[in-house]
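One structure is given here, and the rest of the page talks about it.
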Amino acid sequence: MGQIHGLSPTPIPKAPRGLSTHHWLNFLQAAYRLQPRPSDFDFQQLRRFLKLALKTPIWLNPIDYSLLASLIPKGYPGRVVEIINILVKNQVSPSAPAAPVPTPICPTTTPPPPPPPSPEAHVPPPYVEPTTTQCFPILHPPGAPSAHRPWQMKDLQAIKQEVSSSALGSPQFMQTLRLAVQQFDPTAKDLQDLLQYLCSSLVVSLHHQQLNTLITEAETRGMTGYNPMAGPLRMQANNPAQQGLRREYQNLWLAAFSTLPGNTRDPSWAAILQGLEEPYCAFVERLNVALDNGLPEGTPKEPILRSLAYSNANKECQKILQARGHTNSPLGEMLRTCQAWTPKDKTKVLVVQPRRPPPTQPCFRCGKVGHWSRDCTQPRPPPGPCPLCQDPSHWKRDCPQLKPPQEEGEPLLLDLPSTSGTTEEKNLLKGGDLISPHPDQDISILPLIPLRQQQQPILGVRISVMGQTPQPTQALLDTGADLTVIPQTLVPGPVKLHDTLILGASGQTNTQFKLLQTPLHIFLPFRRSPVILSSCLLDTHNKWTIIGRDALQQCQGLLYLPDDPSPHQLLPIATPNTIGLEHLPPPPQVDQFPLNLPERLQALNDLVSKALEAGHIEPYSGPGNNPVFPVKKPNGKWRFIHDLRATNAITTTLTSPSPGPPDLTSLPTALPHLQTIDLTDAFFQIPLPKQYQPYFAFTIPQPCNYGPGTRYAWTVLPQGFKNSPTLFEQQLAAVLNPMRKMFPTSTIVQYMDDILLASPTNEELQQLSQLTLQALTTHGLPISQEKTQQTPGQIRFLGQVISPNHITYESTPTIPIKSQWTLTELQVILGEIQWVSKGTPILRKHLQSLYSALHGYRDPRACITLTPQQLHALHAIQQALQHNCRGRLNPALPLLGLISLSTSGTTSVIFQPKQNWPLAWLHTPHPPTSLCPWGHLLACTILTLDKYTLQHYGQLCQSFHHNMSKQALCDFLRNSPHPSVGILIHHMGRFHNLGSQPSGPWKTLLHLPTLLQEPRLLRPIFTLSPVVLDTAPCLFSDGSPQKAAYVLWDQTILQQDITPLPSHETHSAQKGELLALICGLRAAKPWPSLNIFLDSKYLIKYLHSLAIGAFLGTSAHQTLQAALPPLLQGKTIYLHHVRSHTNLPDPISTFNEYTDSLILAPLVPLTPQGLHGLTHCNQRALVSFGATPREAKSLVQTCHTCQTINSQHHMPRGYIRRGLLPNHIWQGDVTHYKYKKYKYCLHVWVDTFSGAVSVSCKKKETSCETISAVLQAISLLGKPLHINTDNGPAFLSQEFQEFCTSYRIKHSTHIPYNPTSSGLVERTNGVIKNLLNKYLLDCPNLPLDNAIHKALWTLNQLNVMNPSGKTRWQIHHSPPLPPIPEASTPPKPPPKWFYYKLPGLTNQRWKGPLQSLQEAAGAALLSIDGSPRWIPWRFLKKAACPRPDASELAEHAATDHQHHG
């Protein structure tokens, strides 16, 4: 009494010695049902009672708990009686249930009398197998508090230690889990952690699948407390407060173990082990195939494959995976890690590894001779005295002080002996089933067998079955085979065979191999005594003789792959003579992309290290660079990408000898024996000359640019170089050409690095294969043995499957039927359909319907909604893909062609008579023309079929079936001037009549009545008359981009009309002509016949094509073209082409000229308003164009553009030095002007005498651009004598000075931005910019060059200068003054007197008047104080008063040059 009950400090108390774990778990589970929980004292008393009970003869298996309860003494301490009572209630017995065990009473009460003893009380009843398992469900008393406690690591370790020796799903395994679940009450997450800690990923995946199934059934059935709105059961079970749902989830979690493979038998694919010499990729491929064939549907394959790829690998691969940390990584990482171990570059050797002989010295444990100390049976002596009791005869772990004191047992009802049996542990030999040979036995070592790429480990052995004489045979050594296989021919007489299921690389089979349970003796050449096997596999097809691991283990043979110590050597393939860089251009220098992500940089370094080890690259320090970067593939592996676009741009493209991939249907059925050869890393075997390394160099950067990068260059031909495929094809063709000559009856198909051999006999195929492999190996081309395939069976080549009489694609696309597609999705599915279209029985109209859905979309994320017609096309293509198949060529049968012309395209079929499948389906779109005759399409299709069949099959089609009627074809040949008429006449003897049915059972897939039905538009629309129709009216029509007009005439003009085209659209003359013809045909609709006269060759050709039957293609005028056939339907038409603008007096030319005049608009002269709106010229220019001074002033003042720009009407003026005649002195400057976010340089040159301007638009202000601008100004104005500029660097450069000297031009400089020295050119800059701003304000999209030319036209030739009344161009090109003879006096100029002021003086009084010597634009020459001097107009005033009628002109004369230059 007074014991404290609580949780046990350890998860699972240790079982008493001698009691099985399964029985102990039953006791513990019953104990944990007590409330309150049992204490350590209760477990100690239970262990004490069970130790005593184990010594009684009543202890049986299974235990009779009723009989065991009778052994409990009265007043036994603890709660042992309650635990046994729980077990009694739950035990199922065939007899009547035993009476409950009386509960121990207190000493104060009187116990009831004991029952009378029975003579058979100690004899247990006969055992009957219980109907239910002895496992209890998880049960908690009602109202008990939650016992949930998260796992700790010591708890998980204790549970894993308990289940480590039990099988998955066994009673011991399940009882341990139930006890742990009942004690800790875990949540769903805790159970998932426990499962991942105890089991492999394979078991976790299978358990997860079964648990989801049970949860779905439970949620459907309904559970107490389950709320579907609160989330799934797994989420609700994670809540510690949801005790009821958590217990339901715990029961489902335990029940999910009932269907795992460990409960009955491990699946066949779980026993696939990697052989000692088997490449890792081949082992993974066997696992993949086995899982595909044996895994239940819906089970995720990836985690199972990843788990088995590590656990079932050999020790060498497991060590490599552990070292790289890839024990549970993605499969791609594991394959890449073990790729270096693949025995493709190793020498395969078979050796016998005997046990070492025992030493001659005595064992230091027992002192005897003849064994190693590790095999000694004596226990290892302790190193010294025990640290606890100082006794040297035992270890510390065996010290008696560490053992609890043995309490004296209370007397039981029976006095039994205390001896107990001892259990001896089983000592297993090191190495499993391998038995070491006797020391006296001679050691046999197998001689080294070098294995090349084309050889297999084959030995000559002798096999004896059932004691018969040994028979010699050749056997294959295969470490991947679990059992030895012999052919049935070695078994004498009938024997009893057993069915068995064999799983290999090609899948499961239960017919070819049988199990032979008869002793078998195998005599090996390196072993004296035979290998004896109790059973083996029997090959009923007599193809295989294989020595498996069961025989190799007995002889202690080992296949291993020794490392090749030789360094990497470049394989002896010839160096190419030409690669396209013989002209040695400067190597490209492209900066490396930033790669600061640690993952990408690490992947790039790993890839470079592997390439460096393989000898594909080497350190480099020369010029040239192309960027590199890694790309992650879908399988998780990284791929090295070298961006060689810069190198490809300077490389000369070599002509490829390959015309493209071959059509595999051309393989004749007379070549049934096939074999494929796949080359690995083929490009990396072609050496690259040293002089080309700068073009293929790259840099590996340091992280965060902490240091200079590492430079490398390729030593072999890299991938990504545009001439690499061509060079490799040339090298491979040179290797295979001798084989083609040696075997003329065989065929060698070569495309890139894939090779297919086809021979008429198997013997010839073996010879061809051996010589081809030898030639490839000799030339240094590595061969992938894993991808080599050979008949019998299907051959996979270039994405297709080759069967004996037909060819299919490896995979056909799965088309989801939905109306909403993105542009990318639709493009991808159409690309997949295009790949398999040659074998899909579908018409072109279905494909064209889907292709048309792509029109108008550019954004890859754009959503496309399919129409009902396009959805129907998807259904039709999905049904046709189920019949995707093509036949192989039969050389004895001719080729036939079937052509179906339709408005959506042409469908062609190449087939042979009486064959099950056609050879090819070809879909051809219509040419991109607005109108194409049907006869031309037929001729083009015939040429396409002849080219295809001649290229792929070596012969032409014997005949063609087509859907063009004989009448339509004859009309086309008789009436059409098309060049294709000669082609059709040449092939007329190969045509069948319309609707003739081709032979072959595949025709039921075509719906031939629909396929060969003649299109309605193929028939002619109207009839052409060769002569003029006297009773029909005449129609004349013509059109322009603005108008369309027609005239209908019959002795008189019946009707004429002019139709304007919409002004907001862009039109062409063809559209106007087509619209005019349509309007005229509508007016002539009542007449059944019509004479049409046109001057448009386009319409004449178009109508001729419609008359002979043509296809209406896509065009910009498709809407108008579609309106023509209904208007012409059934009419008789005479067409006549008229030459325009001939001015001939005949009636046809006269009416044609009259029709043309209806659409011609008269040329209206430019008005002053239009001139100012076009050029924004000044008032005097408008007056010269006929406007009055008042109208000109009003136009300038009311112009919105002129008021917006330069509204002040003021420009800076200055005093400058002017020339005395044109091209005397120029002034130049460079001003900047911003146009559409770009700044341009305007080079401005002004003649100081006439004011003529030249402007050049340049992008820079260099000396070269300045010289170019001067030359352009000279071509416009003439060569100057003197130029004046500022002191800019372009004008002061040596190049510009040399230019001026060579052209004899004097150059001087002035102060920039000074009105007294550079005023003229600065003012001209402002005038030009103002005009440009005005033009661009009126028309923002006006090109800058056009605006500059318009400004020059306005300044030089339109604006009138004051007071000369001439334009700058007139002044600049005015004739020179006649020379004045020395003898004669010069003519006196008309007297012109001016008052003047001197510039720069503060005196405001007018002086003079003086008579002017000469006048120019902006100034007059006066003689002041005896010296001539130019005075600007603003400092001059006429001495004579102006006339009254010219007052208005004088008023505006002073400001016109300021307004507009």
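Cβ from N, Cα, C; glycine included.
Within 10 Å of the C-beta of Asp478 (active site, for protease activity) we count 21 further C-beta atoms, all protein chains included. According to Swiss-Prot, the active site, for protease activity annotation covers Asp478.
Look at Swiss-Prot and you will find Asp1038, Glu1073, Asp1095, Asp1156 tagged as Mg(2+) 2 binding site, backed by sequence analysis. Cβ neighbour count for Asp1095 (Mg(2+) 2 binding site): 21 (other Cβ atoms within 10 Å of its Cβ, all protein chains included).
Summarising the annotation, Swiss-Prot assigns compositional bias 'Pro residues' to 97-121.
The domain 'Reverse transcriptase' feature in Swiss-Prot is assigned to 612-802.
Under the heading N-myristoyl glycine, Swiss-Prot lists Gly2, citing sequence analysis as support.
Under the heading region 'Disordered', Swiss-Prot lists 94-121 (among others).
Feature annotation from Swiss-Prot assigns region 'Disordered' to 399-425 (among others).
The motif 'PTAP/PSAP motif' annotation in Swiss-Prot covers 94-97 (among others).
The feature motif 'PPXY motif' is assigned by Swiss-Prot to 124-127. Here the motif 'PPXY motif' (124-127) returns a mean pLDDT of 37 for the predicted model.
The annotation motif 'PTAP/PSAP motif' is assigned in Swiss-Prot to 130-133 (among others) on the grounds of similarity to another entry.
Under the heading zinc finger, Swiss-Prot lists 361-378 (among others).
Marked as zinc finger by Swiss-Prot: 384-401 (among others). Nonlocal intrachain contacts for the zinc finger (384-401), taken as residues 6+ away from its ends with a CB within less than 8 angstroms of a stretch CB, are lacking entirely.
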Three-class DSSP secondary structure - Asp1038 (Mg(2+) 2 binding site): strand
Chain-mates of Asp1038, Glu1073, Asp1095, Asp1156 with C-beta within 8 Å of site centroid, Mg(2+) 2: Ser1037, Gly1039, Ala1076, Leu1094, Ser1096, Ser1140, Asn1152, Thr1155, Ile1159
Residues of the zinc finger (361-378) by DSSP state, where helix covers H, G and I: 3 helix, 0 strand, 15 coil
Fewest-neighbour residue among binding-site residues, criterion Cβ within 10 Å, set Asp1038, Glu1073, Asp1156: Asp1156
Secondary-structure category, per DSSP, in which Asp1095 (Mg(2+) 2 binding site) falls: coil
Cα-to-Cα gap, Glu1073 (Mg(2+) 2 binding site) vs Asp478 (active site, for protease activity), nearest whole Å: 84
Cα separation, Asp478 (active site, for protease activity) to Asp1156 (Mg(2+) 2 binding site) (Å, whole number): 94
Three-state secondary structure, which DSSP defines for Asp478 (active site, for protease activity): coil
Secondary structure composition of the zinc finger (384-401) [DSSP: H/G/I, E/B, coil]: 5 helix, 0 strand, 13 coil
